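The annotation domain 'ABC transmembrane type-1' is assigned in TrEMBL to B:17-205. Annotation source TrEMBL lists transmembrane segment at B:20-41, B:53-75, B:81-102, B:145-166, B:186-206.
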Amino acid sequence: MTTPFLVAEKLERRVGDTQILAGIDLSVNKGEVVGLIGPSGSGKSSLLRAIAGLDPLTGGRVLVEGRTPVPGDGTVGMVFQQFNLWPHLTAGENVALALRLVRKMTRVEATERARAMLDRVGLLKLADRRPAQLSGGQQQRVAIARTLAMEPRLILFDEPTASLDPELTTEVLDVIRGLAETGMTMLVVSHEMGFVASVSTRAVFLDHGRVLVEGPAKAVFRDAEEPRLRRFLATYLQRVAWAPDPEPAPAPDPGPLTTFALLQQPGAAEAVPPPAGPEGSTMSLLGLPAASPAAPSGFSLLDPVPDPNQKDPKRGA
Amino acid sequence: MDWAFIEEALPPLLRGAVATVWVSLAAIALGFAAGALIAAASTAGSRGLRGAAALYISFFRGVPLLVQLLLAYYALPFAGIDIPAIIAAVGTLGLCCAAYMAEILRGGLATVPPGAVEAARLLGLTRAQTFLRIRLPIAARTMRPAIVGEAIMIMKASSLISLVGIMELTRTSQALASSTFMPLQSYALCGAIYLVINFVLMAIGWDRKRA
C-alpha cells in the first residue's frame, strides 16, 4: 500500500460564479475513517458528491485504487442525508434490487443476501415494510444495508443523521461505528462532532471549498489553533447549552490551554472548571462524567461517545 | 325499449364493443410507449430533440382528432403508403394519445425525488433500469388518475374512427339504427355500453387509499 487508497487532487468545482470546491487535495489510506467537518456551504457534501462522481468537476481528479471511479462501478457507496430509499419497494426489495439487476443474482439469492444485510443493521424483522412505514433511523439503516450489500470499497456518509432526532441518530451512528470497526474505509460528513471525533482516524475541516485544517482527529479537535476552526467548534459547543451550570469549586490547575477549555463560557473557564471533568473536558460540559479520569486534558470528546440519552454501562456492547 | 329489441341488438353491439376495446387498448398502449419516448425527448439535453417533442405535442393536441383521422385516411394513400384503414385509425389514435401521455409522464417524472435516481445510479443501475424500475413506478403513483382519465378519453374518442369505416361500437349502432328504424334505442344502448366499459376503467383507476 504505497499509494493511498483514495487520492483527490486539486478538486475544483465551480457553478456559475460560485466556487464550491476551490482546489481540495485529500488522500485516504485503506481502512481510514476520515471525518469532514465545516460550516454549511463549506463544500463537505460537494466533496463527497465529487468523489462519488455524482457532480462533474471543473478541475482536478479523483482516484480510488488508482482509477477514476464511475458511478455504479461498485467502488464507492454513498449514504445520503435524505436516505433516498425507493418508496415503492419494501426494505428487503430496496436492498435486493441492485443485487438482482446489477449483480445478476437470482431472486432467491438476492432476497437471502438482502435479509442478511438487514440483519446486520438489526432490521430483519422489518424487511417487508415500505419506507413510509419505517422511522427515519430505520430508513437510514436500510439505506446503509443497501449500500453494504454491493460491497463497496469506500463508503461516503453525507450527513447521515442530519434529518434524525437524537434518539434515532444514536441507532444510525452505532451502525456506522460498527462498520468503522470492521476496517471499512469511510468518509463521514457530520455535524455530530462527538461522533466524528470518536470514530475518525483523521479529521478535515473545510471552509469555503478549501481544506483549512487537516490532521489526526485528536489534534484537530483538541489543539485547534486555526481561528476559523476554533470559532466553529465554539459555536457548536454553545449549542450544548443544556449542560448544567458549573458549580463553584476550588480551581485546580487549569492545565494546558486547550480549545475546549477555551470553549467554555468566557470568563468561567479559568475561574470555575466544571465539576466532573478534572480539567474541563467536554464530557463535563455535556453534563456527563469524564469518560476516563486518565484522559488527557480536553481530550474526552475523542473517547467513545456516551449517548446522552442512555447512560447505562452496557452501551459499549 | 322492449326485450325483443335488446335481444336482437345486443349481439352485434357487443361485437362492436369488443372492437372498440381492442382498438382503444392498442391505441393507449402505443400512446403510452410513444409518450414515454416523447417525454424523454422533451427533457433531453439536445435542443433539437426538445424542439421536435414540442412540435409533436402541439400538433397532436392542437389539431382535432377527427381531422387527424381524415388526414391519415386520405393523405397516406396519396403519399403511396397503402395500409389497412384499421391500422391507420389505431395509429392515429395512438399518436394523438401519445401527445397527452407525454405531458402526463413529463409532469409525473418531475415529481420523482432526484435522490432516488442518484441512489440507483451509484448502485450501478443502468439508465433504462432506473427508468423502468425506479422512476416510472414512483411517478406512476402520482400519474395514475391522469393516465386513467386519458384512457377514458381515448375509449370515447375511438368512436370517431367510425367515420373512416371501422366497424366499432358507434358504427355498429349507426347501422343498427338505420336497419331497425330505432335510432333512439340503438344509441341509448350504445351509450350504456360505453358507460359500462368506462366504469371498468374507472374501477382500475380507483385509489382505495384516497377514498
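Including glycine, each Cβ sits where the backbone N, Cα and C put it.
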Quiz prompt | Result, the transmembrane segment (B:20-41) in contact with the transmembrane segment (B:81-102) (3+ CB pairs under 8 Å) | solution = yes
Quiz prompt | Beyond the flanks of the transmembrane segment (B:20-41) by 6 or more, those residues with Cβ under 8 Å of it | solution = 49-50, 52-53, 56-57, 86, 89-91, 93-106, 109, 136, 147, 150-151, 154-155, 158-159, 161, 166, 168-170, 194, 197
Exercise. Six or more residues out from either end of the transmembrane segment (B:186-206), which same-chain residues have a Cβ under 8 Å from its Cβ atoms?
Key: 1, 6, 9-10, 13-14, 17, 20-21, 144-145, 147-149, 151-152, 155-156, 159, 169-170, 172-174, 176-177, 180
Exercise. Would you mind listing the long-range same-chain contacts of the transmembrane segment (B:145-166), meaning Cβ under 8 Å and 6+ residues beyond its ends?
Key: 19-21, 23-24, 27-28, 31-32, 65-66, 69-70, 72-73, 85-86, 88-90, 93, 96-97, 100-101, 104, 107-108, 174, 194, 197-198, 201-202, 204-205, 207
